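This report concerns only the one structure given below.
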């Protein structure tokens, strides 16, 4: 089996089975995961929803701001300080749910359906599957989200033009914030795939995702103030927000520190997923 | 070629697979038999690396499955449960598998044709009937043109035509020189296709044998013959591979190794009158049941070695 003659001539002794030489490579696993992702209807629906959330919620927030401004009534504090950028990333909260859930489905869905057995039979070394899923989904989520927030910014800019919230794209921090929002959502997608692989359960993965992005910040708010200031900035949600917020108050992390912390959370989730994938029976 | 050495799998207290030693050779169909819960599926999962053995090892063509550069070319497996995403079409499922190995689209179309899935290849696999699902699983198993084909209960859910198709497929694959390893809890089905049998019960090896040997061990095909000249008849029938038994003073002899026709002819040649000539065939199903029931009993009472351990 192990001896393969290179360039054997037709005259050489006939082997009982002449079979083609296939080989598993990292790039091919990536290709397979790419094909798997796009061959499911849920991918198209969920990604479409994410894009819709980003653009539509931004537009709704902007329209709301404009109508409140036009009504002549005094604006609420949050609205008074609103910027076109803040309104454009308003949809991020909703899009992160759709993207995170799709990430969980990409991995945990293989366990719930049994597909994982086919996947791991083809790639028994296992880890390339996790890296490929995370890379494919993370990059798609990154690209889609970046397009989403940029479109949202253009739409919002049109709606709030000639109001105090109007902001040119050349304004310091605007481009960084838009790219930060795209990157944040891309990483949420990676965290989703990691949680799905770690917990091997769609319901479990979604629960932990929602809890860590949306519930934990609320719980931390119940802690004494000084603790809050120490913990809160490092939570995934706060660190992520630092990546796409235009301005940062004293307690918030800087955009780059926010990115570093959020990357840390991502790596942690991936490491847990890798450990479980390699150690546990499929 | 599949080689298991002291292969063991424990789940907590329960031992699903208990020190299995066996070799599955190329060029033949090897049946993997045992009652439900005997550890067949677990063994197959260990062969393709889905489960890690608690002890011992199993290799495919000389090395662990995961250490091959093109695993799907070494073993094509159809496992017990559905291993597909119901939302993906049959074609997309096979193509995704093919991408990992650089298997061309042409080969995907080939296995779809081979398994008769052309008309439903574009449909979501979740809508497939049990039989269609099995065919898709077999298509996936054949995708990498594997040297070893391993199928767990392949005839489950197939109609008679499908069962016949599987039989022909298995014998064809073995004739190509491939290793064919097929599990079943139906002895009758295995008897029709398997050249070799590996029988397990409660995770233990009960027999590593051929269909013929198994039948012989269970008493074999015997012929009962009655005559008042038993002594002469014994002499006439004696020969290599022939066994004649009978109680002293009885008119009845039990002969194995000769057909009733041969016995009748020889008796006539020597002018021995026969009163009765009756052949008795051992039911394979019965032979298998006896073998596995013994295992369960031995296991439950004492730790005596099961009959097949000597094999």
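Keep in mind that glycine also has a Cβ here, set from the backbone N, Cα and C atoms.
Nobody curates TrEMBL annotations by hand; they come from automatic prediction.
The annotation transmembrane segment is assigned in TrEMBL to A:44-63, A:83-108, A:134-161, A:181-199, A:206-227, A:257-278.
Of the two recorded stretches, the transmembrane segment (A:257-278) does not lie close to the transmembrane segment (A:44-63), with fewer than three CB pairs under 8 Å once pairs fewer than 6 apart in sequence are set aside. Using a Cβ-Cβ cut-off under 8 Å and counting only residues 6 or more beyond its ends in the same chain, the transmembrane segment (A:44-63) has close neighbours at 38, 84, 87-92, 94-95, 98-99, 101-102, 105, 140-141, 144-145, 147-149, 151-153, 155-156, 159-160, 165, 185. Sequence-distant contacts of the transmembrane segment (A:83-108) (same chain, at least 6 residues past either end, Cβ-Cβ under 8 Å): 37, 42-43, 46-47, 49-51, 53-58, 61-62, 65, 130, 133, 137, 141, 145, 148-149, 152-153, 155-157, 160, 165-167, 171, 173-174, 177-178, 181, 184-185, 188-197, 199-202, 204-206, 209-210, 213, 244-246, 273.
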